[in-house]
Amino acid sequence: MTIRSPEPEVKIVVEKDPVKTSFEKWAKPGHFSRTLAKGPSTTTWIWNLHADAHDFDSHTNDLEEISRKVFSAHFGQLAIIFIWLSGMYFHGARFSNYEAWLSDPTHIKPSAQVVWPIVGQEILNGDVGGGFQGIQITSGFFQLWRASGITSELQLYSTAIGGLVFAALMLFAGWFHYHKAAPKLAWFQDVESMLNHHLAGLLGLGSLSWAGHQVHVSLPINQLLDAGVDPKEIPLPHEFILNRDLLAELYPSFAKGLTPFFTLNWSEYSDFLTFRGGLNPVTGGLWLTDTAHHHLAIAVLFLVAGHMYRTNWGIGHSFKEILEAHKGPFTGEGHKGLYEILTTSWHAQLALNLAMLGSLTIIVAHHMYAMPPYPYLATDYGTQLSLFTHHMWIGGFLIVGAAAHAAIFMVRDYDPTTQYNNLLDRVLRHRDAIISHLNWVCIFLGFHSFGLYIHNDTMSALGRPQDMFSDTAIQLQPVFAQWIQNTHALAPNFTAPNALASTSLTWGGGDVIAVGSKVALLPIPLGTADFLVHHIHAFTIHVTVLILLKGVLFARSSRLIPDKANLGFRFPCDGPGRGGTCQVSAWDHVFLGLFWMYNSISVVIFHFSWKMQSDVWGTISEQGVVTHITGGNFAQSAITINGWLRDFLWAQASQVIQSYGSSLSAYGLLFLGAHFVWAFSLMFLFSGRGYWQELIESIVWAHNKLKVAPAIQPRALSITQGRAVGVAHYLLGGIATTWAFFLARIIAVG
């Protein structure tokens, strides 16, 4: 850290009125490209228009202009998010049974969508309890609203209006910061200021304001709700905020005001800032006093972090200095040159952010069931399954996106002349060793993980159960995972003496939390079946990484195509006369990576769904006997491929297949329709472009005969376009099929 004299002059970091506001461009599709602006001569035009409309790099080379467009587009994105969020709250206010659910969350199911009768589809309005007919929702909004302290549909309505106001504000900001006061490039590149503001402002003050809301509004309201007070009798949020005596009745330390804070007797506040661990036995969620404490602690951390970087005051860290000092004995120039990359290539910046956010999203998926954060979330099995599946899918897509933008960076923004012997250069120079080793790992994992299943299927088919890998024959116990579980389960008495319970009930310890005779959470046993499927996870993840990493490391050149960088991010083949060079572009690696990402996530969500139904979810009798939904069949059935097909896919598909004529029938139709969408994708993936061009020309001939030929000449999709349409339908069909299968099943039995 260095101290230097502050710079006296104030920098002007915006440009006034750079681009005049005009609707003329809206009337000219493709205005950003000379070729596209001419209008369509063939049907390829509409595909190119969609491919390039948001590729700001292709509109201009001016980094400042690109940065402004991205910045402005982000405000548009935020506006859409606020409108969507507002819609969710509006549905809660106008079409939901939220108030009824709030009064009896264990027997009434959440619903916020009522279908209008047009052709008989009002059959979808099932009886969710409390005299309400509607579609059961599994988004978790009701649980989130209760945790926030929302007690009436009027409050939801007000929040929905607030969301629209914010959306309008964002749309205005997007226009203002592009047309009226656009930031200069230097502003986008001022990383120290950006870090300070994002860390202290967004994360620090954001967490602090949420902690404040939790303490002053959520905690008292939830305390009263847990005690069984009628929501209509509970004081309104502003009464708690303005009247300290009301809060002091529930949390005595409030009567002392800020004195304990300034006299450093912070433990006085332990009545509302707790460190209990475990779950609230009334709601089956984390103690909200624990989460308030957590957000306050996070706020302090980020407020400190937001004061670490050197800006106008000449004190603090410089990011460039940190990176350039970061070198070890074996890493050459270390991180030298990365600062220049991250301040001039938004693709590089985005790739890192997507990789981290994707990983974080997957971590969130796992925490949502292991440490259910909201009241009555853990016993709403449909919502638990939906939240896990949703966050896993999102995480998978973000990680593939990280590889895509890393490859775009390599092709468009990487300058080999400025990167010498730093870590990026060194990784690129031994890429052959990396990829060949990774390939070996994939082969090893694939043969061994699959081989264990094949062995079990064979022994099972031959009637030799004693020779199978199972918990009752040849055991392959996940000893490392069990060791980690045990250390965490024992922590409260040993390594974490102040904690009253372990971080998650899933670690072990024998406690069962049941809410309304349903299991919220209990210790999750791991055995041979988990060991087998874990290695399938390892296999699919490593193959996904192999494909994506190969795409990035060979994006600029390879032995096959040394001048690949000149061909761009996506290209079908290396020109005529060079056979065997198709499907090698960085784009094609992203395309292939998406399929393996789909494989990976499918195995994970299947594992989760079956494991939870078999070993966690279920009912508990007054004698304390737990009856699981599928009766603990995971350990015995998930050790063969046949078991997965017969006892998971087929057995649990009965609800979606037999849903016709019931309120779940929409899932039956989706299941069928999504299979069709998936099958439709194969038509694009398995067929060549020439086949379609030939067919089109024959059809055009017939139109010419009848003098009804179109002015815009029809053309077959290019190879790349066909693959894009194919993978989109493959993923859409696959995801919607899984969605229908999961929800019909879990709503029927959960």
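Yeah, the Cβs are placed from backbone N, Cα and C, and that goes for glycine too.
Because the structure is a prediction, the values reported are computed rather than measured.
Some features that Swiss-Prot has for this protein:
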TRANSMEM  70-93  transmembrane segment
TRANSMEM  156-179  transmembrane segment
TRANSMEM  195-219  transmembrane segment
TRANSMEM  291-309  transmembrane segment
TRANSMEM  346-369  transmembrane segment
TRANSMEM  385-411  transmembrane segment
TRANSMEM  433-455  transmembrane segment
TRANSMEM  531-549  transmembrane segment
BINDING   Cys573, Cys582  [4Fe-4S] cluster binding site
TRANSMEM  589-610  transmembrane segment
TRANSMEM  664-686  transmembrane segment
BINDING   His675  chlorophyll a' binding site
BINDING   Met683, Tyr691  chlorophyll a binding site
BINDING   Trp692  phylloquinone binding site
TRANSMEM  724-744  transmembrane segment
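What Swiss-Prot annotates, mapped onto the structure for a quick look.
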{"residue": "Cys573", "record": "[4Fe-4S] cluster binding site", "DSSP class": "coil"}
{"residue": "Cys582", "record": "[4Fe-4S] cluster binding site", "DSSP class": "coil"}
{"residue": "His675", "record": "chlorophyll a' binding site", "DSSP class": "helix"}
{"residue": "Met683", "record": "chlorophyll a binding site", "DSSP class": "helix"}
{"residue": "Tyr691", "record": "chlorophyll a binding site", "DSSP class": "helix"}
Would you find the one among the binding-site residues Tyr691, Trp692 whose Cβ has the most company, meaning other Cβ atoms within 10 Å?
-> Trp692
Between Trp692 (phylloquinone binding site) and Cys573 ([4Fe-4S] cluster binding site), how far is it from one CA atom to the other, in Å?
-> 19
Positions on the same chain near the transmembrane segment (70-93), where near means CB under 8 A and six or more residues out = 54, 56, 112-113, 139, 141-142, 145, 153-154, 156-157, 159-164, 166-168, 170-171, 173-175, 177-178, 183, 188, 346
If you count Cβ atoms within 10 Å of each one, which of the binding-site residues Cys573, Cys582 comes out on top?
-> Cys573
Within 10 A of the CB of Met683 (chlorophyll a binding site), the number of other CB atoms across every chain shown is 13
What's the CA-CA gap between Tyr691 (chlorophyll a binding site) and Cys582 ([4Fe-4S] cluster binding site) in angstrom, rounded?
-> 17
Quick one: Cα separation, Cys573 ([4Fe-4S] cluster binding site) versus His675 (chlorophyll a' binding site), in Å?
-> 32
Same-chain residues at least 6 positions away from His675 (chlorophyll a' binding site) with a Cβ under 8 Å from its Cβ, in sequence order, are Gly733, Thr737
Top stretch among 291-309, 346-369, 589-610, 724-744 for CB pairs under 8 A with the transmembrane segment (385-411)?
-> 346-369
What parts of the chain pack near the transmembrane segment (346-369), using Cβ distances under 8 Å and only residues at least 6 beyond its ends?
-> 66-67, 70, 377-378, 384, 387-388, 390-392, 394-399, 401-406, 408-409, 412-413, 506, 521, 608, 612
Distant-in-sequence neighbours of the transmembrane segment (291-309), which means Cβ under 8 A and at least six residues beyond its ends | 191-193, 195-201, 203-208, 210-211, 214-215, 218-219, 272-275, 316-319, 373
Could you tell me the C-alpha distance between Cys582 ([4Fe-4S] cluster binding site) and Met683 (chlorophyll a binding site) in angstrom, no decimals?
-> 19
